[in-house]
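Trainee: In case it's useful when we look at the structure, here is the feature table from Swiss-Prot:
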type     : residues              : note
BINDING  : D81, D123, K124, E490 : Mg(2+) binding site
BINDING  : C122, C195            : [2Fe-2S] cluster binding site
MOD_RES  : K124                  : N6-carboxylysine
ACT_SITE : S516                  : active site, proton acceptor
Amino acid sequence: MPQYRSRTSTHGRNMAGARALWRATGMGDADFGKPIIAIANSFTQFVPGHVHLKDLGQLVAREIEAAGGVAKEFNTIAVDDGIAMGHGGMLYSLPSRELIADAVEYMVNAHCADALVCISNCDKITPGMLMAAMRLNIPTIFVSGGPMEAGKYIADGETRAADLITAMVVAADPTKTDEQAAVMERSACPTCGSCSGMFTANSMNCLTEALGLALPGNGSLLATHADRKRLFVEAGWQIVDLARRYYEQDDEGVLPRRIGGFKAFENAMSLDIAMGGSTNTVLHLLAAAREAELDFTMADIDRLSRRVPNLCKVSPSVSNVHMEDVHRAGGIMGILGALDRAGLIHRDCATVHEKTIGEAIDRWDVMRGGETAKTLYSAAPGGVRTTEAFSQSRRYESLDLDREKGVIRDAEHAFSKDGGLAVLYGNIALDGAIVKTAGVDASILVFEGPARIFESQEDAVAGILGDRVKAGDVVLIRYEGPKGGPGMQEMLYPTSYLKSKGLGKSCALITDGRFSGGTAGLSIGHISPEAAQGGAIGLVEEGDIIAIDIPNRKLDVKLDEATLEARRAAMEAKGKAAWKPAARERVVSAALQAYAALTTSAANGAVRDVTQVQRGR
């Protein structure tokens, strides 16, 4: 029978000093026998997805204590990728994931907490906390801040939906007036919450449901809706129950690695492919699997992408569907239900709220569940600008239950037989590359064009806005991988500017960097190995023909092996200047240099490899 971890610091005469300090936090004699539950909050006034979280940690804390536990809250950092986008701030986004994972580990292990509630929301916070949960392997529940309401604006007498990407594209469109750009800017992000499309934040919060680590509705129930409060209340009670089951009943089935096993990761990836989630989710699932000591790889993602259909298209893949629309159609349990009917879900995986994910689907899929499920998914946007959580209680008059032409489709009515994400391989992507196929127009699934080479995101932006890119070109941005950036910047501005220039359906963009969840179009990222690690993307020259074949999962430069080997020899002959951008001025801080020294390929989730340090001793 496992002992409560917290008793290391609360029991025994020699822990009098520690107990004295615990008492100074408000604990008394009766508390020293209770489970101590850590609450990892991520409140910050920098990020709209986190601005409303300040009081939610204490909401969970009150419920934990009512359930018989002791709650102790702490905070992590949280970077807003949208605000950090397009300048040097983006170098810090992916590295912050590792810092968040470490911060949670440090606080939980330093204070011997027994269990964990993760209050996350945006791009790197949920992945960082997920990595920590798998690393620590103590009872854990995720409850996120929830999605933002979609923006609304009037055009041609009609009300239309908008989001951050809409504002960026309009601002860069020379045919739009300053007034039009200002209207879109003020309309795009009306409330607190994670940006309203199927971008990275919402994708990851949806995946925690499929992994079994979050309650139904976590990924799609709006931040502003009063119903979301229930998730925080239930999380507080449920985590105490999980802690008691593990420490008092020796039930290892409640641990993250048992809930989030290999089959659960397959479920999560199948959901991701079906809903056309952000390509960043591939990085994060690979990283979390590594922390869980699972052999879940790009090969598994490739295998799943060939059998799981695309059942849902959400912004940025389409402009008129946002998370609030997914929720009205049944949310993540609705998509999992459609996958289940097609035999594409492992029903026997455990969850933190039901015995199995199969039982959860039976209860919460609106196509088979009862009134409780229908009530949950009737929560609607309030249409009022606010930064307050749970501030409105509007409901839809009806749900979207159309599985033929609705927001969520059944497998027989899928948007495409192949899923919304795909892994490509070829002579410039020996270890793979990722594309969000859900966002690619059918006319350019097969594409060839001359490479237009840029060795930084900044140069690519200047080239696109300076009309150096034409229809039919392949924009190639390199030395932006995990090591080469460092930090693997997102290329949202280049892809958005291609759209604003009218090139969104006539150009491709390939990179060893990554993309925002807001990116759509023929955008291929995570090319591995990256240029800074000797990847062949570093050997491509201006005008070389790039061949893309998504149906056959191919990405190549049309050069023979002898030519590539000759170029590789010439590159290696440069000595210390080899595999570095020819002319790029970029200040790289000591913190980022430390990240670059330990990080690994995108094909491995860009996780740290500390054996590099051990080998150097």
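Positions of Cβ are set from backbone N, Cα and C atoms, glycine also.
Set these features in their place in the structure for me.
Mentor: Listed in sequence order, A78, V79, D81, S93, L94, S96, R97, I100 are the same-chain residues six or more apart from K124 (Mg(2+) binding site) with CB atoms under 8 A from its CB.
Sequence-distant contacts of C195 ([2Fe-2S] cluster binding site), defined as residues of its own chain at least six apart whose C-beta falls under 8 angstroms from its C-beta, comprise P48, G49, G82, P147, M148, D163, L164, C189, A201, N202, G518. C195 ([2Fe-2S] cluster binding site) falls outside any helix or strand according to DSSP and counts as coil.
With a cut-off of 8 Å between CB atoms and residues at least 6 apart in sequence, the same chain places D81, G82, M85, F199, T200, S278, N280, E490, M491, L492, T495 near S516 (active site, proton acceptor), listed in sequence order. According to DSSP, S516 (active site, proton acceptor) sits in a coil region rather than a helix or strand.
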Trainee: For C122 ([2Fe-2S] cluster binding site), which DSSP three-state class applies?
Mentor: coil
Trainee: Rank the binding-site residues D81, E490 by the number of other Cβ atoms within 10 Å of each Cβ, and give the residue at the low end.
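Mentor: Ranked by other Cβ atoms within 10 Å, the binding-site residues D81, E490 bottom out at D81.
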Trainee: Tell me whether E490 (Mg(2+) binding site) sits in a helix, a strand or coil according to DSSP.
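Mentor: DSSP assigns E490 (Mg(2+) binding site) to strand.
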Trainee: List the residues in the vicinity of the Mg(2+) site, defined as same-chain residues other than D81, D123, K124, E490 with C-beta within 8 angstroms of the site's C-beta centre.
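Mentor: Not counting the recorded site residues, we get V79, A84, M90, S93, L94, C122, T200, A201, N280, S516, G517.
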Trainee: Pick out which of the binding-site residues C122, D123 has the most other Cβ atoms within 10 Å of its own Cβ.
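Mentor: The most densely surrounded of these binding-site residues is D123.
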